[in-house]
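Pulled from TrEMBL, these are the features on record:
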DOMAIN    49-263  domain 'Chitin synthase chs-1/2 N-terminal putative transporter'
TRANSMEM  53-77  transmembrane segment
TRANSMEM  150-170  transmembrane segment
TRANSMEM  176-195  transmembrane segment
TRANSMEM  207-230  transmembrane segment
TRANSMEM  236-254  transmembrane segment
TRANSMEM  275-296  transmembrane segment
TRANSMEM  389-410  transmembrane segment
TRANSMEM  447-467  transmembrane segment
TRANSMEM  989-1007  transmembrane segment
TRANSMEM  1014-1039  transmembrane segment
TRANSMEM  1125-1144  transmembrane segment
TRANSMEM  1184-1205  transmembrane segment
Amino acid sequence: MSADYDGDYFMRTRKVRDKPALWDSFQDPPAKRTSGSDADWKKLQFFTKLFKLFTYIVVFGVVLASSVAAKLVYIYMAGNTNGDGKVQMCSKYLLLDGQVMAMRSKLEQIAWVWALIFAFAAPELFTFLRSLRICMFKREQRPSRLEVALVTLFELLHVVGLALLTFTVLPQLDVTRGAMLGCCVGFVPALLKLLTVARLQWKSVDIYVLAAAILAMISQGSVFVIWPAMSSQLEVQLLAIPLLLISFRWWENFANTHESIAYIIRTIRFTRSRYHTYLYVAPLKILVFGLMGFLLHGQKFVDYFKLFVKAWQTHIIRVTHADGLQDTVNLAGTIAINGSSFIKATTSKQFSLQSNTNAVIYALLLQVSAAYLCHIFGKFACKIKIQSFSYALPLCLATPVTVCLATWLAQMRAADLCSLHGLMPDYLTLQPLGRNLQQLGEKSLEYALWLWPLWWLAQLWTCLHLWRARNDKNAPTEKLYVCPWYCGLLVDQCSMMNRRILDWTDEYLTIKSDLTVPGDAKAGLAADSNSSRDIQEKDKIPQLIVCATMWHETEEEMMEFLKSIVRLDEDQCARRMAKTHLNGGKADDEYYELETNIFFDDAFVLDQRHCQNKRNPPLNEYVKTLIRTIDKAAFEIYGVNIKIKPPLKIETPYGGRLVWTLPGRTKMVAHLKNKDKIRHKKRWSQVMYMYYLLGFRIMETELLSAQRKAVIAENTFLLALDGDIDFQPRAVQLLIDRMKAIDELGAACGRIHPVGRGPMVWYQKFEYAIGHWLQKATEHVIGCVLCSPGCFSLFRASALMENSVMKRYTLVSSEAMKMVQYDQGEDRWLCTLLLKQGSRVEYCAASDAFTHSPEYFNEFYNQRRRWVPSTIANIFDILADASTVVKKNNSISTLYIMYQGMLMIGTVLGPGTIFLMMVGALVAVFSIDIWTAFLWNFCPILVFILSCVYLKQKFQLLIAFVISAIYCLVMMAVLIGIIVQMIEDGPLAPASLFFLLVAVQITISGLMHPQEFWALICGVIYYITIPSMYMLLMIFSVFNMNDVTWGTREAPVLRDDGEETANDPDNYLPGWLNDMLLIDSELGEITLVEQRFWKDLIKQYLKPLELTKEQKQTMADDLKELRNMIAFAFVMVNAIFVLIVFLLQLKKDYLHLKWPIDPTDYVSFDRDNLQVGIYRHYKELDPIGLCFVIFFGLILIIQFIAMFFHRFATMSQLLATIELDWFRSNGQLSDEDALLELNGSAVHIARRLQRPKRLFDDDDDADAHHYDELEVDQDNHRESMVRRQTIFKLHETRNKQQNDYSDLVRNFERRFFSEDELNMKNLPLSRKSIKLFQERRSEAKINAAGTPTNPPKAGVRPPMVPFHAKKVSFSNMQIYDNESQY
């Protein structure tokens, strides 16, 4: 916070008072913060935009170049499988004159056939490996036999057609016509589009679209007739068969909802993905393609296997040399053409050449690599929403570029046989269409190649959906493509027609449970249609409900939370204004509704010495702090005094409720819990808001059908927050984007950054960084995140409403173990319930949030004392029920369970491992014997264990602090010792190498997170505190697990000093309804229905727990017994582990491994015998080192690899959210482009127009910088001038009539509907878009003038209804007014 403000000052601003005296007119405007979520991120935004621009260009170039290269090499490879005829070679480099003809070698042809098979098999192998990985690490539903049969049928039809095209058609064609055939593999998609897509999606222009679809289908089918009719070759005459069979692969993407094939579509789409199917189909496709290739090529079947090795080795190429003048005729065939002169050679000689083995290998690698890059970069373009420029455009240009390039290369080779000598061997061919330009033109007319542009346009029409991307940001592969992988030989056509036309959610017609019987497909479609019509568009709008829990937060912590809520309110208001006034009622892609709920535990003073009336108890100081801090938070955000109206106060069955209307007109509701009326603590607050917001406000709404409730639940998100969290709206939007992209996602958490001061916070900065960089990223990639922290997490309502989640979350802890699992780590237990019911939990690294962390040693130990047992208990719960979890959750596999089991073993044995490491470190650094080192470590650990058994916690923490300080000094000495040992033994010694690898891994991880790189500096604190945090803290947590108190933010206990009496009226505090802070607040009521709900909910689940002394003592005894049992097991397991490894260490002279890296050679000389001895000494790897390297090394490798995958996903998410608005054309834009540009900037415009005028700024129309948050930073000259004019400004602002900027909606409307011109200089809009904006503004003014209204004053609440009239209700889903949205 930039400054502290007196509470009375803000109370005075609530009321209309006289102007303050000049002597009290000085101001303290908020300063720009450079830490936390307020940190300046303009530089990051600039570099991100620059990187996205670079990505646009690079992806476009890679997709275009790779698709062209893959197709060219494919045609080149297929052309060289032709065994007929000879190839004329370049004689220049053979130092020969005349004509040199190369005979096509059998081995060479076999090599090219195998190369084509391998090129086809590569993407199928990738498909198999991806399917295997997903089926191993995730649980995928097994398909039915019918589904497998249908998928296999159409895939095999495609494979047979592709084999016919590759081994029969293309070898007989020149490269020009071969490249043109790529446009002709879409007949079935063109036909289906004629039948379905054109009819369903273009109803407004049926005639023109239908005519275009018919022409596209005719164009695609014309190749079946034209070229076969002009050729005498059987292979070309049968051209229609391979082209038709190939096009069957993409039928499903274009079939959609056509009634005649409805049942087939519904059957084949029964499972969400086909990875189980492709485990069998991918190898089968490779087998079929290979067999077809062997049969069609014509060699003996066994020769392909017998001569396989020889074909890939250097072999003989037979060459015929004819002396005399070199022929000018192209002798790729065996006959002369058009009577060209042929000079007969006088003599003919034959000799041999060695083949180039690298030619086939390089071609194969180039084709496979190019196809792979085309697919990967194309998918990346779709994920980050640059599909039009970097995906659709290069793929559409790929075929023309391929045709032109293939023709140019072939004609250049025909004109000069030596022209491509450095690119390909001379004995290989590129079959040209004609030997010169004249013949090229003649052949083009002869084969009617002028029709090719029509074929290309037909392909563009069929794939028109590429230009209208509808997918979510960072959508998974299953949402982008129908088939999971690509066809390597036709990668450009496959990428275009495999791209989904409809989004996943829209494409699937119904939920699987709605499937009808096979013979009733039409009835099923009718039912689907009725269900879809019942669902309204507003049901799909994300409903963001903030749910924060508060208890004993300080004013500084509350300030950060409230500032975050005010920012969120401003962002939502801008999107609402853009939707209402700028976009014609259409919401932007990131629009959401907003409501904030704060659940305040123990909100009242219930002490009889201060509470006179139990029905109207006083507010405690924490609630009062919240009330006083709201205005301060708004002042910090807007830089001007915002007069937020007093909250509406409502009595409720659980205590009370305060309802604020924030400047953006969203509601913020504080639910004040009376612990005598409702159960307190965080878990019960979560139960309270889940049942209220989901159970009551969704399920109890009678006007909604079941289908609408399901859709609303899918799009309702609860943002769980702590009362000290600090975040920006963009962080929440990133979490919502993940929810939109993945239907199975039940919860998502962001990157949590600890804030505070002191060494303990520095330690936590590095600990949080490593935990998120490696641990959470690995869980996200190979499985699921096990804990989504309640300080900043987004939960999907439908996931919480699943069976055994909300209901099970209400269980009372009746056993000691359940109390540890349920109440000590409620966030982790909630995620455990979600995982067990099949929901996915993810980590979004781009979503940053900042939370206050413990700053002192005791507070930190108490926090972790609560976290450690609950973490272990919940992970054990998942491991114990692993079979059920793997069966229900698609994202959790047996291998992931094994990984978590390894981590659990490492956690349990962590103290023993650290103990042994300290023993070894003391031996190495201080050169003492192993027994002495053992005793030096054992004595303090024994003292600490005994203190945890017999002493109170404050003494335990004191001893832990002292031992930790000693260990820090020892670890510094160990660090110096390791450096010295590395110098002596070299960096390749076992200990040195492992230390360096860990350091390099952490450093690279920091470099992969440039914004958090400075956290690495805190790694020194982390290193020296390893014994304390991984040994002492574990011991402290285990031996104090019977303590179930919160441990942090404990309220001080009021003590009776003997001077006050219980009945002294001067000691009574005013009731909360009569509190001076709420004296101007209006009194409201909740509906009778909601009152009944709260009473029933409290009676059923939230009745305060009233335990007798005997019950409390029994629970305490059970907790102690549990503590004793687990502590004994914990100590014994670690003791046995230490004993075994220590005994092995004593025998390391006999039990060790020789370290094979970097041995030392010694030379000795025996003077007596005059002999020289040379021997090699290997370093030894002792048992401790071996166990450590194998176990923890494997975990680090897994986490390091997973971190790279997660960083790529995070980069994709950032690029997808950044809009590149640098290139705005001021030229002639079409009306549609101008409209899109204006709609894209509507939120930015609305945010500028609604922003309050900051202190000392000019009037609205004089300058625009006061409501443009991007223009706050001015040059130094302007700042100095402002400082010089402070006194003048104080006088001016005091004497000038001040506008009230407390209502953002009124701010927007006042500026938008004013007659003055708006300053549009700094808006990223073209002139045509600005003109369109002015037209909309003028039209809005006319409409507003035609319908006169009397808008309420800023922040004024609508008048209350009479007591017996309709009450103010907050039980519906509408969050901006009191009218139901349904």
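Yeah, the Cβs are placed from backbone N, Cα and C, and that goes for glycine too.
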What else in the chain is close to the transmembrane segment (53-77), if you only count residues 6 or more beyond its ends and a Cβ gap under 8 Å? 112, 115-116, 119, 170, 175, 178-179, 182, 363-364, 366-367, 369-371, 373-374, 377-378, 380-381, 384, 386, 389-391, 393-395, 397-399, 401-402, 405-406, 409, 424, 428, 430, 488-492, 495, 1215, 1220, 1222
Same-chain residues at least 6 beyond the ends of the transmembrane segment (150-170) whose Cβ lies under 8 Å from its Cβ atoms: 75, 78-79, 81, 113, 116, 120, 143, 178, 181, 235-236, 238-239, 241-249, 251-252, 264, 267-268, 274, 277, 280-281, 284-285, 288-289, 292-293, 296-297, 487, 489-490
Counting Cβ pairs under 8 Å that sit 6 or more residues apart, are there three or more between the transmembrane segment (447-467) and the transmembrane segment (176-195)? yes
Can you see whether the transmembrane segment (176-195) and the transmembrane segment (989-1007) are touching - at least 3 CB pairs under 8 angstroms, only pairs 6 or more apart in sequence? no
Same-chain residues at least 6 beyond the ends of the transmembrane segment (275-296) with CB under 8 Å of its CB atoms are 113, 116-117, 120-121, 124-125, 127-128, 130-132, 134-135, 140-143, 147-148, 151-152, 155-156, 159-160, 162-164, 166-168, 304, 484-485
Give the nonlocal contacts of the transmembrane segment (389-410) in its own chain as ranges (CB under 8 Å, at least six residues past its ends). 55-56, 59-61, 63-64, 67-68, 71-72, 75, 174-176, 178-180, 182-183, 377-378, 381-382, 420, 430-433, 440, 452, 456, 459-460, 463, 466-467, 492, 495-496
